[in-house]
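Trainee: Got a structure for you, questions after.
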Amino acid sequence: MSEPIRVLVTGAAGQIAYSLLYSIGNGSVFGKDQPIILVLLDITPMMGVLDGVLMELQDCALPLLQDVIATDKEEVAFKDLDVAVLVGSMPRREGMERKDLLKANVKIFKSQGAALEKYAKKSVKVIVVGNPANTNCLTASKSAPSIPKENFSCLTRLDHNRAKSQIALKLGVTADDVKNVIIWGNHSSTQYPDVNHAKVKLQGKEVGVYEALKDDSWLKGEFITTVQQRGAAVIKARKLSSAMSAAKAISDHIRDIWFGTPEGEFVSMGVISDGNSYGVPDDLLYSFPVVIKNKTWKFVEGLPINDFSREKMDLTAKELTEEKETAFEFLSSA
């Protein structure tokens, strides 16, 4: 057996964490021979609920879970971490301006970034899920200057999986038969789901999605809006935000960081834009297609970008730039 790794999940009393923790504990994220010390952080008023989650994890009797620690203290939660999954954030309440939401979250992620800087290993991998995920991730990274920027990523895998599944449903294949969809930009309704480079397996052959579907107007219209607005559609139907699908996407995202991406396949994640070849401004946390090897991601280079894509990519970059500027005003005064 390997040495145990320390994995933190914040917002651990919430419903995404409730769907995620079992996957982490049972070996389907870090592998079946990787023991885990699982650290659960939430705010003080949630500690009663968190105790219940702790009891359930104990009752799962998972062989890989060496220890489970529930806490409301950052100095306990962030100590010696190998992986931090930052799920907890201030949710958007009715009538709340996006600016107010940003302000509340800058405070949280500045504090958690500082705790990573002070207590975690410098090799820690940080995955931000709490919304607005891209800007929260950038805030945390800026607050932890001695941890490499490349170690921070945010979740756009849920959007990626949504795009995959919409194509699969339309073609009557399984989601596994669709690969190399891309989510560009922000995890918001300006994100751009791009299937210009995606492939689908039909009758044993790989075919481009545009060629397979022969329905450009759907691909440039309804497909994009369906993926962009899927989160809102789930909330409308279920009266709660996506949890099972979000937890599955987090598991996919972390597993790919840990074990690498399959040959010939790329995935989407929000990463620092420095040095990209797609004309996205530096110093943004932007979702790109990446390949991963030895726990290190690289941009997929050289994909041709048409005018339709360019416009959509620029639009979401503009939104991220505005978010960043607002967040940084708060950051300097926080």
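Positions of Cβ are set from backbone N, Cα and C atoms, glycine also.
Copied straight from Swiss-Prot:
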type     : residues                                                                                       : note
MOD_RES  : Ser2                                                                                           : N-acetylserine
BINDING  : Gly11, Ala12, Ala13, Gly14, Gln15, Ile16, Ala17, Asp42, Asn105, Gln112, Val129, Gly130, Asn131 : NAD(+) binding site
BINDING  : Arg92, Arg98, Asn131, Arg162                                                                   : substrate binding site
MOD_RES  : Lys110                                                                                         : N6-succinyllysine
MOD_RES  : Lys118                                                                                         : N6-acetyllysine
MOD_RES  : Lys121                                                                                         : N6-acetyllysine
ACT_SITE : His187                                                                                         : active site, proton acceptor
MOD_RES  : Lys214                                                                                         : N6-succinyllysine
MOD_RES  : Ser217                                                                                         : phosphoserine
MOD_RES  : Arg230                                                                                         : omega-N-methylarginine
MOD_RES  : Ser241                                                                                         : phosphoserine
MOD_RES  : Lys298                                                                                         : N6-acetyllysine
MOD_RES  : Lys298                                                                                         : N6-succinyllysine
MOD_RES  : Ser309                                                                                         : phosphoserine
MOD_RES  : Lys318                                                                                         : N6-succinyllysine
MOD_RES  : Ser332                                                                                         : phosphoserine
MOD_RES  : Ser333                                                                                         : phosphoserine
Trainee: Please identify which of Gln15, Asn105, Asn131 has the densest Cβ environment, defined as other Cβ atoms within 10 Å, among these binding-site residues.
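Mentor: Checking each of Gln15, Asn105, Asn131, the winner is Asn105.
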Trainee: Counting across all protein chains shown, how many other Cβ atoms sit within 10 Å of the Cβ of the residue listed as 'active site, proton acceptor'?
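Mentor: The answer is 29.
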Trainee: Could you tell me which of these recorded positions, Arg92, Lys110, has the greatest number of Cβ atoms within 10 Å of its own Cβ?
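Mentor: Compared across Arg92, Lys110, the most Cβ atoms within 10 Å surround Lys110.
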Trainee: By CA distance, which of the recorded positions (Asn105, Asn131, Arg230, Ser241) lies nearest to Lys318 (N6-succinyllysine)?
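Mentor: The smallest Cα gap between Lys318 (N6-succinyllysine) and any of the recorded positions is with Asn131.
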Trainee: Are there any residues in the same chain, six or more apart in sequence, whose C-beta is under 8 angstroms from the C-beta of Lys298 (N6-acetyllysine), and if so which?
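Mentor: Counting only residues 6 or more apart in sequence, the Cβ neighbours of Lys298 (N6-acetyllysine) under 8 Å are Val290, Val291, Ile292.
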Trainee: Taking the modified residues one at a time (Ser2, Ser217, Ser309), which has its Cβ surrounded by the most other Cβ atoms within 10 Å?
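Mentor: That would be Ser309, with the highest Cβ count within 10 Å.
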Trainee: Among Ser241, Ser332, all listed as modified residues, which has the most CB atoms within 10 Å of its CB?
Mentor: Ser241
Trainee: Go through the modified residues Lys110, Lys118, Ser217, Ser333 and tell me which ones have a CA within 10 A of the CA of Arg230 (omega-N-methylarginine).
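Mentor: Near Arg230 (omega-N-methylarginine) by Cα: none of them.
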Trainee: Inside 10 Å of the Cβ of Lys214 (N6-succinyllysine), count up the other Cβ atoms and send me the figure.
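Mentor: Other Cβ atoms found within 10 Å: 8.
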